[in-house]
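One structure below.
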Amino acid sequence: MRKKIIAGNWKMNMTYEEGQILTSEIVQMAQDEQLKDVSLVLNPPFPHLHVVKKLIGGAPNVFVGAQNCSDKESGAYTGEVSAPILASFGVNFVIIGHSERREYFKENNEMLTEKVKQALAAGLQPIFCCGESLDIREAGTHEPNVKFQLTDSLFELSAEEISKVTIAYEPIWAIGTGKTASAEQAQEMHAAIRKHLASKYGKEVADSISILYGGSMKPSNAAELLAKPDVDGGLIGGASLKSRDFIDIAKSY
Ligand SMILES: O=C(CO)COP(=O)(O)O
């Protein structure tokens, strides 16, 4: 059985106060019996991590994640935050390679390999993002494009290491646009990703890796997407900023 994960990526949103309210509401609603098998991961901006962790307390199904980490372990890198620092604050997950980081901060596949390795060495669970732009989708080369992102960034990991990675497929054309990939488009890509992982690491490892969908997921479309056999959860942007929407998505399984 693969882990069901609903992760909220707050991006650069939420003040201190707003973050506390959102977290407290989610922790409260997460006690619902229906959510006992779903891992809810809150990924706030860095300054929130410590307080969010505290507010989560002993909730068994709520976790805290960062949105990025450095590709270096420590040292003179002003403004950066390393994986060991995150781990020392009790952070559980870290999003790596989000398309916004790739585009605006010029993160390339090689750098992302280092970030994944740093995260794993510190005991964090990476949520590794991949996904194609609209022109690549329209040209019909989305599958090879996504496969290359995975090969180039992840395929030097051992089977044991990759088993600790969660993949998030986020088509760039669906992020923040209100335009969701159809459940069929998502399933097709998720199955291709799993097949690609199996070609390198074998079926057993590939079958154990959770693959999340991200891109305009909301309560109204979550059930259809999450019903697909290879869609193991979601990475939610906008809808993760409202506790009710985030929880309703998680209840759509
Ligand atoms: O980028 C995303 C999550 O990482 C998706 O964002 P939206 O849900 O706002 O489209």
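Every residue gets a Cβ built from N, Cα and C, even glycine.
Heads up, TrEMBL stuff is auto-annotated, nobody curated it.
From a predicted model like this one, the values you see are computed outputs, not experimental measurements.
Lifted from TrEMBL, the feature list:
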- Asn9, Trp10, Lys11, Gly176, Ser216, Gly237, Gly238: substrate binding site (BINDING)
- His98: active site, electrophile (ACT_SITE)
- Glu170: active site, proton acceptor (ACT_SITE)
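Taking the features listed in TrEMBL, we show where each one sits on the structure.
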residue	record	DSSP (3 states)
Asn9	substrate binding site	strand
His98	active site, electrophile	coil
Glu170	active site, proton acceptor	coil
Gly176	substrate binding site	coil
Ser216	substrate binding site	coil
Gly237	substrate binding site	coil
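Close contacts with ligand 1, defined as a Cβ under 6 Å from any of its atoms, occur at Asn9 among the binding-site residues Asn9, Trp10, Lys11. Pairwise Cα distances among Asn9, Trp10, Lys11, Gly176, Ser216, Gly237, Gly238, the recorded substrate-binding residues, top out at 14 Å. Summary for the binding-site residues Asn9, Ser216: the Cβ-based neighbour count within 10 Å is maximal at Asn9. In this view, Gly238 (substrate binding site) is surrounded by 18 other Cβ atoms within 10 Å of its Cβ, with every protein chain counted. Summary of the substrate site environment: with the site residues Asn9, Trp10, Lys11, Gly176, Ser216, Gly237, Gly238 set aside, the chain residues having Cβ atoms within 8 Å of the Cβ mean position are Ile175, Ile236, Ala239, Ser240, Leu241. Looking only at other Cβ atoms within 10 Å, the busiest spot among the binding-site residues Gly176, Gly237 turns out to be Gly237. You'll find the Cα of Gly237 (substrate binding site) roughly 11 Å from the Cα of His98 (active site, electrophile). Less than 8 angstroms from the CB of the residue listed as 'active site, proton acceptor' sit His98, Ser99, Cys129, Cys130, Gly131, Tyr213, Gly214, Gly215, Leu235, each of them six or more residues away in the same chain.
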